[in-house]
Amino acid sequence: MSGLVLGQRDEPAGHRLSQEEILGSTKVVSQGLEALHSEHQAVLQSLSHTIECLQQGGHEEGLVHEKARQLRRSMENIELGLSEAQVMLALASHLSTVESEKQKLRAQVRRLCQENQWLRDELAGTQQRLQRSEQAVAQLEEEKKHLEFLRQLRQYDEDGHGMEEKEGEATKDSLDDLFPNEEEEDSGNDLSRGQGAAAAQQGGYEIPARLRTLHNLVIQYAAQGRYEVAVPLCKQALEDLERTSGRGHPDVATMLNILALVYRDQNKYKEAAHLLNDALSIRESTLGRDHPAVAATLNNLAVLYGKRGKYKEAEPLCQRALEIREKVLGTDHPDVAKQLNNLALLCQNQGKYEAVERYYQRALAIYESQLGPDNPNVARTKNNLASCYLKQGKYSEAEALYKEILTCAHVQEFGSVDDDHKPIWMHAEEREEMSRSRPRDSSAPYAEYGGWYKACRVSSPTVNTTLKNLGALYRRQGKLEAAETLEECALRSRKQGTDPISQTKVAELLGEGDGRKAIQEGPGDSVKFEGGEDASVAVEWSGDGSGTLQRSGSLGKIRDVLRRSSELLVRKLQGTEPRPSSSSMKRAASLNYLNQPNAAPLQVSRGLSASTVDLSSSS
């Protein structure tokens, strides 16, 4: 057994045993030592028995004792070897356990490294997104500041329409240029008898009641944006008229005008122009070249060309319409003044400022002589003429007109101009002089600087825009305090215009809501040819200096027309007698639907005023 152990120890020194080989050899040695221990144990027992026998006989006792001692030492060595082998086996088992734990820890370390890399990637992506977001926020803030600056620039030349603007009054070209307005509905049967008789005397014709009903019905459908119903309705009526009355009948021309209007509201300008040209040919052949209906169609065709930016083509049409109205109505009729305003607009878009001044001055003279100096058309025409002066650099003439407008509005409000009641521009100039003598304390009450703020009660779209335009003119002249006064007054006027009381006062001041005055002064919003068809001059200055194409009437008239015509239509369909109009009958939708957000903008518009151009160039 000992030889086996020695043989294993004599293996070549250069051969390194693996851990498994060491463990196997240790187990073999341990087994050999156990066997050797058992063998020595048996020999020791035999010697002990021999010693007992020798003690009885007394021979060779010392030799036996010596062998026993050697055996005991050998057994002690064997037991020590066994203990060491057991320790080695236990150590090997512990090392195996430690190695297993080590592998587990390594696996965990690998997973943690992967998770750490994932977290780093996620953090890097989040940081990039955060950086992009911060850049976007900074860019949006810059764009916001830029837009706010542009908005402030536009305030010097924007179109201030107060509450009417919110209700849709600022539509570029409303339906009233082809359809009957409030005056026709108010007159009722008197219209068909009076105007019909006049039409008969002058060789005109009277529009049948069925076409009037169709007018109002198409208005309702168009107001609701239901063109898919309005267009087939017009086409069917047109086919019926052509079949029963013939292609050259005036009623066919009327229906062509209605269908052209619907196409125009859909931005189908080519189709609308084709229909209006057909209507013009029919009316010229049936009613004569100098009939008011021909002038109405010419005006509507000029409107269409103006929308497309064809000012040169529109100007001769508008000029011919003016000649017809001068011949039929006289050179001093208010409707001639409206046509002059339209012609001035077309000329201004072509840069013909001398002609623009001539047309505006003539229109202003007609309004003042026929309607009086307090008529709102006078203020609007003065404002338009002042804007024309601004575009030519005639600042003194423009300033004088602006002051006339504000003074007239002030007189209508307070009755006179005295020390206690001064127009707002006088207060502005006084504050300018005071600011030059001593700086104004921003916290001081307004009473210290006079009652200028009381003049802010004078409010209308025309006056409001005049305040802003005159304020811009003051800024050009370096009168900053005066400009701020007018701008603040314009802001107050705009805020006051949002309540019904202020709106009523504005209507009373400028006569925009006075029906009796409109009847006495003549048609202020439209020109109707004999027979009752409306041929209003829809394209004219808005009266605020913006130079946009806009109808000068009020949407309240359209609402009343729609309300009454709707009730009449319902009564006719039900076969009952018409009753007085009920206040509960309302129009189905607002005319704002006609100005769709994606609709092409009106091209016939004025450029910015000179003050705004300078502000834009300086920025």
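Glycine is no exception: its Cβ is also placed from the backbone N, Cα and C atoms.
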Where Swiss-Prot places phosphoserine when the choices are S93, S590: S590
Per Swiss-Prot, the candidate from S46, S281, S566 carrying the annotation phosphoserine: S566
From the candidates S133, S174, S611, the one which Swiss-Prot records as phosphoserine: S174
Neighbour tally for S460 (phosphoserine), based on other Cβ positions within 10 Å of its Cβ: 30
Segment-level pLDDT (mean, integer) for the repeat 'TPR 3' (253-286): 92
